[in-house]
C-alpha cells in the first residue's frame, strides 16, 4: 500500500489488521467461543446432511431441491469464511489477520452473501412457476435453465463483491489497524480510513439497498401470485402442502433479508458497530444453521428422504 497524507493524519502501509471482536473478560470470551463453536458445528452438520440427502435421493432431483442444495452449499461456505477464524480469535492474544487475508475474507463473504440473496429470489420464482404455471413448469425450469439461473446468482454476487472489495481496499488506512468487528467487513473498515468515505458509504447503501429491494420485490410478487393461486385450490390437502413448502421459504427469506437490511441498507448503519456485531452473528451463523432445520422440519419430502436414507444405512 502506498503512503498517503490527509491533513494531520498519516496513513501507513498496513500489512495486517487486528480483529477486536467482542468486548469482555475471559468468561465472556469462553461463553462466546462455546456459542460460536456450537452454532458452526450444527451449521456444518445440517447443511452437509441436506446436500447429501438431496444428492442421494432420486425423488428429490427436482428444480426446487436443486436450488435448496445450492442454498445449503452457500450457507456452508459463507459460514466457513467467518466462523473458524472468529472461533480461534476468542483465545488468541494477537487476533491478527493479514491485509491480503482481510481482503480475501471480505471478497468471499460479500460474494457468497450476495449470491444467497439472489438465490432466495430465484427460489421464489421457481415456486411461482411450479404453482401458478404447472403445465409450463417442466419446460420453463428444465435443468439447463436452473443451472443458468444459479450461475447468474453467482455472477451478480461476484460483481458486487469486486466493487465493494476493490473500493474499500483502495482507501488509505490510518495507523490504527484495529477493526471493531469479529471479521473483515465494509462498515468497520471504513472507520479506519484516512479519507472521506462518503462515496463508499453511499455505494454500500445504494448497492445493498438495490439488491435487497429488487430481490424482495421479486419474492413478494411471486408469493402474491402464489397466494391467489392457493386460495383458489379446492383441495385442502394440496393447499396445506403448498403453504408448508412456501412457509419454509418465506421464513428463510424474512430472516436473511431482515438482518442484512438492518446492517447494510439503512443510512448510518456503519456508525453502530456494537449493534452490527450482534446482527452479523445472525446472518453469518444463526441463519445458516436454521435454514436446514427450517426446510427439513417443515418439509415432508425431506423428512421422508432422511427416513429412507436411515433405513438404507441400517439395512447395510
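Using N, Cα and C of the backbone, Cβ positions are placed for all residues, glycine too.
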- Stated TrEMBL location of transmembrane segment, expressed as one of 66-91, 170-195: 66-91
- Message: Can you work out which residues elsewhere in the same chain, 6+ from the ends of the transmembrane segment (137-163), have a Cβ less than 8 Å from its Cβ atoms?
- Response: 63, 66-67, 70, 107-108, 110-116, 118-119, 122, 125-126, 129-130, 203, 207, 211
- Long-range neighbours of the transmembrane segment (278-297), counting only residues six or more past its ends (CB under 8 A): 36, 39-40, 42-43, 46-47, 49-50, 68, 71-72, 75-76, 78-79, 82-83, 109, 113, 181-183, 185, 248, 251-252, 255-256, 259-260, 262-263, 303, 306
- Sequence-remote contacts (6 or more beyond its ends) of the transmembrane segment (66-91), Cβ cut-off under 8 Å? 19, 21, 29-30, 32-33, 36-37, 39-40, 43-44, 46-48, 50-51, 54-55, 97, 105, 108-109, 112-113, 115-116, 119-120, 122-123, 126, 143, 146, 150, 182-183, 252, 284-285, 287-289, 291-292, 295
- Message: Give the mean pLDDT for the domain 'G-protein coupled receptors family 1 profile' (46-295) on the 0 to 100 scale.
- Response: 86
